[in-house]
Each structure stands twice: as C-alpha cells, then as structure tokens.
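Straight from Swiss-Prot, the features:
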type     : residues : note
COMPBIAS : 274-283  : compositional bias 'Low complexity'
COMPBIAS : 431-440  : compositional bias 'Low complexity'
COMPBIAS : 537-555  : compositional bias 'Acidic residues'
CROSSLNK : K48      : SUMO2 cross-link
CROSSLNK : K216     : SUMO2 cross-link
CROSSLNK : K418     : SUMO2 cross-link
MOD_RES  : S46      : phosphoserine
MOD_RES  : S153     : phosphoserine
MOD_RES  : S175     : phosphoserine
MOD_RES  : S249     : phosphoserine
MOD_RES  : T394     : phosphothreonine
MOD_RES  : S458     : phosphoserine
MOD_RES  : S549     : phosphoserine
MOD_RES  : T627     : phosphothreonine
REGION   : 126-282  : region 'Required for interaction with SMARCA5'
REGION   : 154-171  : region 'Interaction with NIPBL'
REGION   : 258-285  : region 'Disordered'
REGION   : 287-403  : region 'Interaction with WAPL and PDS5B'
REGION   : 362-403  : region 'Interaction with STAG1'
REGION   : 423-496  : region 'Disordered'
REGION   : 521-563  : region 'Disordered'
Amino acid sequence: MFYAHFVLSKRGPLAKIWLAAHWDKKLTKAHVFECNLESSVESIISPKVKMALRTSGHLLLGVVRIYHRKAKYLLADCNEAFIKIKMAFRPGVVDLPEENREAAYNAITLPEEFHDFDQPLPDLDDIDVAQQFSLNQSRVEEITMREEVGNISILQENDFGDFGMDDREIMREGSAFEDDDMLVSTSASNLLLEPEQSTSNLNEKMNHLEYEDQYKDDNFGEGNDGGILDDKLISNNDGGIFDDPPALSEAGVMLPEQPAHDDMDEDDNGSLGGPDSPDSVDPVEPMPTMTDQTTLVPNEEEAFALEPIDITVKETKAKRKRKLIVDSVKELDSKTIRAQLSDYSDIVTTLDLAPPTKKLMMWKETGGVEKLFFLPAQPLWNNRLLKLFTRCLTPLVPEDLRKRRKGGEADNLDEFLKEFENPEVPREEQQPQQQQPQPQRDVIDEPIIEEPSRLQDSVMEASRTTIEESAMPPPPPQGVKRKAGQIDPEPSIPPQQVEQMEIPPVELPPEEPPNICQLIPELELLPEKEKEKEKEKEEEEEEEDEDASGGDQDQEERRWNKRTQQMLHGLQRALAKTGAESISLLELCRNTNRKQAAAKFYSFLVLKKQQAIELTQEEPYSDIIATPGPRFHII
C-alpha cells in the first residue's frame, strides 16, 4: 500500500492536495483560495507518518495543480481590473446624459468659510522657548576662553618675595600701596588651591569689610586688615573661578594718577624688611618678567569685554563650466557597418588539435627546426649529458676568429683549423726563437703544433717591436687578402744587421729584478679589443652554464678551474718574462671592477690551496703578496 489513511480522510491536512492530484474538478474556487501551500509543503517534507515515494510524488502533483489554479485566478482578476479601468478612462467619452451636460454650481464651487480672526493670541508664557532652543544654546564655559586675572609683574621684578608656581603661602598681611590701583597677584596654582585652616579667622574678618576699607593704611607691614592676595578669590562664596565676576563699584577700582615705580624702587630694601616665606631660599633670584599677564583696564564694563570675532564666510568653490563635447561623426555610414559585419577575423581561429597519441605529441614538440640541434632523438633527463650533446652539435668558434673572419683578416688555413679544433684546450707555452734563423718551409712540411696563447704573443710583440720596425717591409694595403694556403715570408735580415742588433744587449748594465709596478703591465699587455673579446666570451659562457645547469655545482667548479688556469698561465709568463719573484694583488686588481677583483682574489685562494703559489699578508686588510709555490711549474 503506497498511501496512508490520513491522506484519504476528508479532515486530513493533505486532503485538498490529494483531491487536486486525482480529481481536480471536485475543487472549487473557494477550496483553492483556502488551501495554504506553505504548510502543505512542510507537511510533505516532514510528514508525521512515513510515506512512500510514490505517495509524496502524487502530493507534489497536487501542490503544482493548486498553485496553477491560484495563478490563473490572479491573472483573470488582473485582466478584469485592467479592462474596467481602460473602459472607465476612455478618451472622448462622457458619462453624463444629454440633459446633464452642465455640472451643478455647488458641485464645482468650493464653499466660502471665513474664519474668526479676532481670537486672542496665546500667551507668550505658554510657549516654552527655553525648551525649544536649549539644544542650540551653549554654556558660557564652552564658548568663552578662560582668562586669568592678570598677575602683577612688579612684585617679581623688584624681588618682593619668592613667588614661584608652587608657593602656597600668601604674602605678609597689611602691605598696601599708597594711591595705587588695586593689585591682585594670582597664579594658576594659587587660584586652584583651597584656603588653609590657618587663615580661617582672617577670612571671617575680611568678609565684613568693603573693598575700599582694605587700603586705608599706607604703611607696609603695620596693618592686618588686608593683603595683596585677596582671600575672596580663593574662597568659594562668590562662585567658581570661571563664573561671571561680581559687580564692583566705581570706587572699588582706583586708577593711579602717577606710576609708583620710582617709590617702589627706592623702598625695595627698606619697606619690606620682614622675614621671607619659609619656602623661599636666600638669596632670591629675580623672576623673569611676565608682562603679558598684567591687565589694567580703565573701565569696569570693559574688563571682561571680548573682541568681536570676524565673521568668516565659507568660500564656495566656483563650479567649472562644463564643456560640451560633440562628436564630429554622429552616425556610421553603411559602408562601415557592412565592413564590420563582414569582418569575422576576431571570432575565427585556426584549428589546433592535440595529436591523438603521446608519441605524436612528443614528435610535434621536438620535431621543429629549432629543436633539432638542441635535443637528441631520445629524451635525456641528465642535465650534464644534455649539455654535452648540445656542445657537440654546436661547435664553439672563438670570438676573435669569428670577428677576424667577418672582417676579412683571417690567417692561413692551418692556423684557423687548429683554433677551430681545439677552442677550449689551454695552449702550451712555446719558447720564442727569434735570433735563430729558420729555413722557410711549406705549410705541408711543417708539423702541426699548437699556437701560442694570446698573452704570450702580446709579450713577445712588446719585446721585438724595436727589432721588427727596422727590418719589416712596408705592410701591404688593407684591401689585399692573404691566400689560405700561403704564409708570408719572414723578413730576410742580413747577417751584418743581426750582428749589429746583438751587440747592444752586451753593453747594457746588469739587469735588476723588476718591481711589482713593472710586473703588472706584463699581465695587462692584452690590447683593449682582446680584453673585450675575453670578457664577452666569459659572459656568454657563464650565461650558457647558468641556463643549462641551473646552478649545477660541477659546472661552477669547471668555470672556476678555467679561470684559475688562466690566472696561473698569466703568472707563469709574467714571472718568466720579467724575472720578478712576487706579485701584488692590489696592483693586479687596479682599474678593475668589483666582480673582476673578487674573481682574481678567489683564483689566488684556489692556487694557494693547490700549492701553486704562496700568499703572505703583513697585517689585516693590507696588500696580499703572491710568490711561486712548490707546484708553480707542475700544474
């Protein structure tokens, strides 16, 4: 049984849903509007009794049918209301009959009602103005700057006592000035302190006196009726410090007829002869002048009058007038639109499908012309083997030969072949035999020997320049090229000239061992072009090594070994030529950048490790001297 009993009962929660699923015609419009789909769906999702899947499917069908009926009824009501509104507001249609084309006067006229304007106005006390404007009214303390009663600087200028910021004792009583203004000295600390208990009797006595009675006595130190610092400023009877000041009578504030500075200066030492305050220290240094704190006003009303504040009008930024930009071409012509429609190059691309098999995919990746001389037929995962393969396929021609060949200055064929076959092999030294005449032979009869290095050639050329200048024939023009199979004949020197050339070295004084400064040019005898060629060649080799190995340690060691061998060969030639016993690293690294100096220093350390040279240094950070080691001529 795929349904439950409560579904079929007329009182069940899903009775209307089941009826809509199986007998839709039995449902009336009232039944549809009474049905609550939300509660019905909740009952289907979480039923009280387990239902079969087919039963829940039937109930969902009933829910859809009831929802469809509700939507259909709503659409019908909307259409009916729309038609009625449209019919009611048709243009040109008057619903009035023929006899009632004119409207009644009362229907189109508003009644005139004159109100009684003689009613008394409400009392002003009924309106609570303070309550309405209390939010917009600020307190006096918030909008008024705090102003201290001016401190009199006369007391501080004339050493009337120690009036520091921390003094709490009031000046001696009974001191007043004759025919002077009422001088009140208050500091920030005195205003904020409470009166002490020792002056309570004095405060009670002073409360009964008027302002003008305080200054009756003219003598200093006799009267006990008043003091310079009025206790009423300290007491709390007249309000807070920042409250409105009490109204003073005109007789209370007296203006001085003449300044009393002269009298006060004369009586500095005599009048105030009483003891100082216990907090003061003798001798008392005069306090700096504070003229900004003294305020003397001639009128009582202007005592607390503030200066008017300028009304600052907020400046409004002037709006920049917008510039109307109109396109010159407002519409596209038919040719442009047709060209855009016919151009479909941006949505069409070539079909590039991957090969169906992995082998074809590999052939496609490695079968291009750019990969033929770079990758072997089989994949080599070892980086060193791959580099050896590419090295064999792409022979390295020295840069100097390449440039000489391009410039039309190539030497004979066997010299070019020797450098082509062994571009990286360090060449052995060949002792120059300049003074021994050799018979001229053909190229075929000569044995194949290695060409001396460029460094040795430069040393030899520097030594025989003077000899060849007198015996060399004039050079041929630059446009004439040498033939590949011929060697230029050596200049024939008569034996008389040879004897004359051999005589001058005998007459020279004995040679002295050259200095380090003379030794360094022997290592730096390479021409500028040769140096540039070697530098470019080293940079290319470093880039190739970095690209191929990716930081392989073996390749790094190989590159350093090559630089070390070049340094050793240069040292051997230079020391053999000059006869020096040592060489300075500082002189060797002169006129070089930081990278080249570091490479030479590292080469020295490697040669020291191999016992090819010996390094000595007198003190830290001083020059390093290199001398030949036990294996200097063996390596």
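Quick reminder: no glycine exception, Cβ is built from N, Cα and C everywhere.
Since we're looking at a predicted model, the values are computed, not measured.
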Residue pair T627 (phosphothreonine), S46 (phosphoserine) - Cα distance, angstrom, rounded: 99
Residue among modified residues S46, T627 with least C-beta crowding, 10 angstrom cut-off: S46
DSSP state at T627 (phosphothreonine), helix/strand/coil: strand
Packing count at K48 (SUMO2 cross-link) (other Cβ atoms within 10 Å of its Cβ): 9
Per-residue pLDDT averaged over the region 'Interaction with WAPL and PDS5B' (287-403), given as an integer: 74
Conformational class of S46 (phosphoserine) under the three-state DSSP mapping: coil
